[in-house]
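According to TrEMBL, the features are:
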type     : residues                     : note
BINDING  : A:Cys87, A:Cys90, A:His91    : heme c 1 binding site
BINDING  : A:Cys233, A:Cys236, A:His237 : heme c 2 binding site
DOMAIN   : A:65-193                     : domain 'Cytochrome c'
DOMAIN   : A:217-339                    : domain 'Cytochrome c'
TRANSMEM : A:6-24                       : transmembrane segment
Amino acid sequence: MQGWRVGWMGLLLLGVGLLAVYLWPRPKPLTTQPSPPTVVHPASPLAPFAQRAVPVPEDNPQTPAKVELGRRLFFDPRLSKDGKVACASCHKPEFAFSDGGKPVSTGIFGRQGSRNAPSLTNVAFRRHLFWEGRSPRLELQAVGPLTAHDEMGMEPEELAQRLGAIPEYAKAFQEVFGEPPTLKTTTYAIAAFERTLLSYNSPFDRYQAGDDKAMSEAALRGMELFFSEKGDCFHCHVGPEFTDDEPRNTALYTVYKDIGLARATGRDEDVGKFKTPTLRNVALTAPYMHDGSIQTLREAVQHYNQGGQPNLNADALIRPLGLTEAEVDDLVAFLRSLTDESFGTNPAFLPP
Amino acid sequence: MKAWLFLLPLGLASALAAPVELKINLRVGDQPLQFAQTYQTPQGQPYQIELLKFYISEVALVRPDGREVRAEGLVLAEFKREAPTQGVSVMKMDVPAGQYRGIRFNVGVPRELNHLDAGTQQMPLGVNSGMYWAWNPGYIFYRLEGVALLPEGKQKWVIHMGTDAFRIPVRLQDLQTRRVQINIPPTGGSITLNLDVAKAFQPGPGGAFVDWRKQSLRQLHGLSPETSLLMSVVYFNMQTAFSLAN
């Protein structure tokens, strides 16, 4: 009887193993192109994950001129109604393209948003965008902040007119797209720039590349916890990007003021579901959660350690973890080892 | 004789296909809408309208026997300040000349077009339409914007109605009585509709209405518990906001 059980367990483990191998993200040859030229900072070692090809949609191939135009647009506040808000106002390079300590961001005319600006680290690899995860690609995502009344607040006609009246832009759009500026081509250029925002120079990446000394002892212990059932972080923060890109309820509240995915679907079971964020450069992107309500990494880890608030929609994996204070410290050390200090200083990612 | 037979189908075809123009008058109640004018909701909230854009699709004229003559195409009707609001031509179609008992259409984008990649769609769809909903892919079907004149000053409000559940069916046919008569002569004609924009503000069950004093209700576009009832109220009201003008 005992041997029979062991046999079944063995088969089950083999099945899980095969599934994991099958599901592990790998480059898709059909939708990819050779990596764009300016993507990796010269200081970056050849980390294993950096060798993956960036997925590029067929209708928006990367070219150096388009990336350069996208970079200028990304940092230009003239893309907003009051001329004061650029993409980079809330996605600041020095904070891994998040909003530098602000729970929510400030848009045109001082209007407050309602959600925390996410990091753009390796955003080329996101399969779903926005906190609900409802936008399929960067080109279409960019329409949101450009037109939202509390972000940049532009109408398509107004944006086209304003950019068309700036000779450098009129010329650059003509060269890159063969037509005058429109909302669509603006988002295509910005998306091309965003696809170059690659970051693979963290201690964790250097450790992966073979540098045994790259991570501290505490970070290594934290890594073991992170990828164990005990810490149980890796089911959602999975793969080279540390995210499954799926919406989940993390039991942050019992009653959510912002209902998350349900705002779009209207379904009760989607209340409080927000997309799993990447953990790359997470030490630079405080505060945390969709509303920026958790100030520090340690508090974020403690939230999961305690199992959150009672919530019927809470993800099945949310439960008290029983981690000691020392284990929480180790996890935080590991999360800090995901920081790529060169990301925010790469001149290719800074204002032109 | 032979030449006459040869020309017959051509002659019939020209007699059958009459050009028809669909026109719209914007109204507030029974008065023509004026953009800079201040109106009052039934609850006494003063407001002005600044912008109205909406999609019309799946248009069909209804014959006396109930059969429908469908007109292909999707159009984006657009009204903004300093532009006319009366007799505005929004769609052209070809239909067989004859008697009809009404028209029906949907305000919205058909489901099969609503979820395609907006990056690859052309006007009137696509992101340049100003109707693409980035966080909730698909299009805004009915986009009404204005300002409320509140004690603290002018506050902008928007009603963005979309998602497949809120495609607004408009049915202006009547086969039972002879009340609705649309005669399309062989030379063509026009069908003019009144759209009572203020219908959106009629109170719903329990007197529920879009109260612009609450900041959260000035952005009516999602399905949060606070706004979903009001979206349904506006949706219900909009189904009867259109009427035949002539």
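From the backbone N, Cα and C atoms, a Cβ is placed for every residue, glycine too.
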Neighbourhood of the heme c 1 site (A:Cys87, A:Cys90, A:His91): other residues with Cβ within 8 Å of the Cβ centroid, in order?
A:Phe74, A:Ala86, A:Ala88, A:Ser89, A:Lys92, A:Phe97, A:Asp99, A:Ser105, A:Ala117, A:Leu120, A:Pro145
Helix, strand and coil residues within the domain 'Cytochrome c' (A:217-339) as assigned by DSSP:
42 helix, 8 strand, 73 coil
With Cβ-Cβ distance below 8 Å and at least 6 positions apart along the chain, what are the contacts of A:Cys90 (heme c 1 binding site)? List them in sequence order.
A:Ser98, A:Asp99, A:Lys102, A:Ser105, A:Thr106, A:Gly113, A:Ala117, A:Pro145, A:Glu151
Of the binding-site residues A:Cys233, A:Cys236, A:His237, which one sits closest to A:His91 (heme c 1 binding site) when you measure Cα to Cα?
A:His237
Give me the count of other Cβ atoms within 10 A of the Cβ belonging to A:Cys87 (heme c 1 binding site).
26
With every protein chain in view, how many other Cβ atoms are within 10 Å of the Cβ of A:Cys233 (heme c 2 binding site)?
22
Counting Cβ atoms within 10 Å across all protein chains shown, which of the binding-site residues A:His91, A:His237 comes out on top?
A:His91
Between the Cα atoms of A:Cys236 (heme c 2 binding site) and A:Cys87 (heme c 1 binding site), find the distance and write it as a whole number of Å.
28
Confidence summary (mean pLDDT) of the domain 'Cytochrome c' (A:65-193):
97
Applying the rule Cβ within 8 Å of the centroid of the Cβ atoms of A:Cys233, A:Cys236, A:His237, what extra residues of the same chain belong around the heme c 2 site?
A:Phe226, A:Asp232, A:Phe234, A:His235, A:Val238, A:Phe242, A:Thr243, A:Asp244, A:Thr276, A:Leu279
Please report the Cα separation of A:Cys233 (heme c 2 binding site) and A:Cys87 (heme c 1 binding site) in Å, rounded to an integer.
31
Please give me the CB contact count at 10 A for A:Cys236 (heme c 2 binding site), counting all chains in the structure.
21
Please report the distance from the Cα of A:Cys87 (heme c 1 binding site) to the Cα of A:His237 (heme c 2 binding site), rounded to the nearest angstrom.
26
